[in-house]
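Read through the structure below, which is laid out as structure tokens, and then see the notes.
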Amino acid sequence: GIPTCGETCTLGTCNTPGCTCSWPICTKN
């Protein structure tokens, strides 16, 4: 749940390991 991935997921996917999409940004925990 923490937006520390530095990645966006406007297409719905995250490439960073351990990160999930909380549109429109990737979050971790």
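Every residue, even glycine, has its Cβ placed from backbone N, Cα and C.
According to Swiss-Prot, the feature disulfide bond maps to Cys5-Cys19, Cys9-Cys21, Cys14-Cys26, an assignment based on sequence analysis.
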Here the disulfide-bonded residues are Cys14, Cys21, Cys26, and the Cα closest to that of Cys5 (disulfide bond) is found at Cys26
For Cys19 (disulfide bond) and Cys26 (disulfide bond), the CA-to-CA distance in whole Å is 6
DSSP says Cys26 (disulfide bond), in three-state terms, is strand
Expressed in Å to no decimal places, the gap between the Cα atoms of Cys9 (disulfide bond) and Cys26 (disulfide bond) is 6
Per DSSP (helix/strand/coil reduction), Cys5 (disulfide bond) sits in coil
Rounded Cα distance, in Å, between Cys21 (disulfide bond) and Cys14 (disulfide bond) is 6
All chains considered, the count of other Cβ atoms within 10 Å of the Cβ of Cys26 (disulfide bond) is 21
Using a 10 Å radius on the Cβ of Cys5 (disulfide bond), the other Cβ atoms enclosed count 20
Close in space but at least six residues away in sequence, with Cβ under 8 Å from that of Cys14 (disulfide bond), the same-chain residues are Cys5, Glu7, Thr20, Cys21, Cys26
